[in-house]
Amino acid sequence: MSSLTSVELNFLIFRYLQESGFTHAAFTLGYEAGINKSNIDGNMVPPGALIKFVQKGLQYMEMEANLNNGEMEMEEDFSFFQPLDLISKDVKELQDMLKERKRKEKDKDKERSKENDKEVEREHEGERNNRAKEKDRHEKHKEREREREKLEREKEREREKTEREKEREREKMERETFDRERERLKLEMERGREREKIEREKAHEKQIGDADREMLIDQTDKENAIDQEHGRSTAAEPMDITMTWTSQPSHIPSSDVRILEGHTSEVCACAWSPSASLLASGSGDATARIWSIPEGSFKSGAGRSINALILKHANGKSNEKSKDVTTLDWNGEGTFLATGSCDGQARIWTTTGELISTLSKHKGPIFSLKWNKKGDYLLTGSVDKTAVVWDVKAEEWKQQFEFHTGPTLDVDWRNNVSFATSSTDSMIYLCKIGETRPVRIFAGHQGEVNCVKWDPTGSLLASCSDDSTAKIWNIKQNTYVHDLREHTKEIYTIRWSPTGTGTNNPNKQLTLASASFDSTVKLWDAELGKMLCSFNGHREPVYSLAFSPNGEYIASGSLDKSIHIWSIKEGKIMKTYTGNGGIFEVCWNKEGNKIAACFADNSVCVLDFRM
């Protein structure tokens, strides 16, 4: 993925100083670093971003040190290090410290057993006092944060109002300029016709001489009379000049939109049930939710009140590791929902919100998760560099695949027993249940492989990478069939069209779509490996895209907070909607008349789509 720039780091430090009340230090840093000249949108940076960023980095170091410690048993909790150790030492040194610490802890166990009850009680009393003080401090901090956020919201509303007034004034001036320009052109054309008529008459007068002048005038008068009688003019025909406003895409009205609120952190994933009007969403607040969406159009009054089932992944204990929901997937019948989270566990839920299975085998966060078509196996990919196939009915793992040398980023089933995996190690492996080695190895990317997807027939595999390329592979050979190189930055995701052999639209061409950090979506001919068109409408990286069920439209979501719906036939934006946060995922329902999107501002949005 892309690295953190010095400008972005300066901005995070600047925001931290502001939030901590170090006004003078913030002003000095902002002035010397030129913060006000950067193109960073401050609204995109949440409060406490620097602290969270550093904490996440330290957590990753801790995770790496613990996961690579061969002596640590799987059931043991992670050991945590001091921040200074994590910053100043490499993983090998941390592992040595971990071993030494375990040895010392065994020695100290004997000494701890000799401590008297009075000392323990004193420590407990001190802890209770500290907790009370910490709670009081936390409440005061939350109150200050609420006041600050309220003030920011008021300022933002005032800014938006001013911007709207400026926009209206600008449009008024543009229309006035347009009208003036049109009148000026008409006047110039009239003057030109008059000048041409005078010049033509003078030329004729010189040619025929004074003797024939009266005859010419009489003849001209007769011709003019005849022309006027038939509605003609003796002047030259005017050039057809037309001025039109640039056509704009249709903005989806608020009456066709429903905002689903309830999550308390960014919403990372969403998916429609394949059999019912249910929408699942997963968030960094350690919950997933199942929303019951009315089937009618919102404009007709449907969906005024939309209820959700809350699927809790944490029970509130303070010492629990992060349980952010990172990925989710419905089974083919729409009867079960599987979720993956940062605690390394996969969970299976019913449509009524009942937890029926908790699957534990991974030693790191789960980044990808898929059901096979039959619904008897669940496949998960994790930061621990492995993929695991789970026997859903037996509620146990069937086989673990340990081929990658870096975190597993994506998995996708080819059929009910074989699948592909991709990783930060730039490799792609085709695996099969029961086989201890990869069935086929696809090597060719020069960066992290973010996504892999099989075409509807299971004969072609598409992949995309941080090396700015997408590739199409055939199961019959180890080298790629097509190397797609039109993007200029990292490609985050790809999707096959629901067209061609093996789909409900067999008479339409099979295509591949790719979404990139270069702010574009590109459409490719799968057979020839040529770009068919480039959709250039976003202003920030595009994180998600989805084809409509009939294959005629593509929905794309970007960090610019916009959802664009593109017509593949016309190659342009047909509908657009702008929310209040970056968009992580978009998806269509099975009927193709509703689109869901999940946002960084903790919300889920559902749009009615009609053409």
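Quick reminder: no glycine exception, Cβ is built from N, Cα and C everywhere.
TrEMBL: automatically predicted annotations, no manual curation.
If you check TrEMBL, you get these features:
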- 101-175: region 'Disordered' (REGION)
- 106-175: compositional bias 'Basic and acidic residues' (COMPBIAS)
- 260-293: repeat 'WD' (REPEAT)
- 318-349: repeat 'WD' (REPEAT)
- 359-400: repeat 'WD' (REPEAT)
- 442-483: repeat 'WD' (REPEAT)
- 484-534: repeat 'WD' (REPEAT)
- 535-576: repeat 'WD' (REPEAT)
Under 8 angstroms, Cβ to Cβ: which one of 318-349, 359-400, 442-483, 484-534, 535-576 has the largest number of such pairs with the repeat 'WD' (260-293)? 318-349
Counting Cβ pairs under 8 Å to the repeat 'WD' (359-400), which of 318-349, 442-483, 484-534, 535-576 comes out on top? 318-349
For the repeat 'WD' (535-576), the DSSP helix/strand/coil residue counts are 0 helix, 24 strand, 18 coil
Confidence summary for the repeat 'WD' (260-293), mean pLDDT rounded: 95
Give the residue counts of the repeat 'WD' (359-400) per reduced DSSP state, in the order helix, strand, coil. 0 helix, 24 strand, 18 coil
Going by DSSP, how much of the repeat 'WD' (318-349) is helix, how much is strand and how much is coil, in residues? 0 helix, 17 strand, 15 coil
